[in-house]
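As structure tokens, the structure follows; a few thoughts come after it.
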Amino acid sequence: MQLMDLRKQGIDIQENIPLSRFTFTKTGGPAQYLAFPKNLNELELLVDTVKENNIPLTVIGNASNLIIRDGGISGLVLILTKMDTIVANKDEATVTADAGARIIDTSEAACEAGLSGLEFAAGIPGSVGGAVFMNAGAYGGETEFVIKSVRVLTRAGEFKTYTHDEMEFGYRHSLVQETGDIVVSATFGLEPGDKWAIKAKMEYFNGLRRAKQPLEYPSCGSVFKRPAGHFVGPMIIKAGLQGKRIGGAEDSMKHAGFIVNVGGATATDYLDLIHLIQKTIKKDFGIDLQTEVRIIGKEKD
């Protein structure tokens with residue numbers, strides 16, 4: 001079966017779509033093919049079809065901590081945001097969420113059920129799949145602290161469930177970065193708590209985020225991993241790069257660890273500024289800054 005034949009089965013597949021429509025930076029080149037599976041059956045059909053036809057496959061979530069190069073992505077890009085069911089089980093103190101569900105919404109569902117543990121995620125704009133993939137965290141919380149199990153679809157087309165320990169979580173790392181498995185859902189193991197205390201903690205974290213982060217501009221969130229014993233923002237400030245602009249990409253005056261799109265930025269602008277910061281920090285401090293943001297796609301011809 002050819003990929004475009006799946007349209008006849010009601011699967012939403014589009015061609016040559018600018019991915020800048022979906023990324024939080026508002027940058028990125030086109031996807032050769034773009035699909036939005038609505039359920040596991042559609043996802044499985046898409047994965048089987050690209051495997052059968054040797055078509056490259058890229059999976060993205062909410063595209064919040066992601067830079068897609070200006071040349072775009074060859075093959076099929078899957079965006080899983082239509083797979084967004086969230087089920088809270090108060091008796092078992094768990095929340096199970098599809099990969100395309102927003103982690104913010106998952107945190108709110110836990111709160112409504114009086115379950116504590118996901119408060120840290122109240123302002124993280126990514127998807128559940130992305131949070132698992134990156135082991136997203138904030139304000140002392142990490143995804144790995146609350147993961148009970150993760151269900152995936154392997155590139156071979158088989159469904160599999162990993163336990164917490166099998167996920168090999170590390171700082172902004174998980175097993176699926178190595179295997180290429182597609183996260184389809186995650187179950188979070190939480191603790192019973194007072195709904196209003198949980199909500200107050202979430203609102204406190206959101207207040208910190210609004211005060212410290214440049215939410216008024218498009219951005220990809222935190223750009224760099226934190227090196228042991230150092231903070232990225234102060235190093236960038238000491239290096240004289242806060243406020244530095246290349247094209248429409250600017251190192252934020254509100255938080256130097258963020259790069260914002262102040263108007264008309266391209267992915268190349270972002271990457272050129274990232275490389276300048278890395279080069280300068282290496283020269284001034286002897287530290288190799290690693291990117292936290294996921295960078296994919298091809299350069300523009």
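The backbone N, Cα and C atoms fix where each Cβ goes, glycine too.
According to DSSP, ARG172 (active site) sits in a coil region rather than a helix or strand. What Swiss-Prot lists as active site is ARG172 (among others), and the listing cites sequence analysis.
Same-chain residues at least 6 positions away in sequence with a Cβ under 8 Å from that of SER222 (active site, proton donor) are, in sequence order, ASN65, GLY257, PHE258, GLU292, VAL293. According to Swiss-Prot, the feature active site, proton donor maps to SER222.
For GLU292 (among others), the entry in Swiss-Prot reads active site, with the evidence type sequence analysis.
Annotation source Swiss-Prot lists domain 'FAD-binding PCMH-type' at 26-193, citing sequence analysis.
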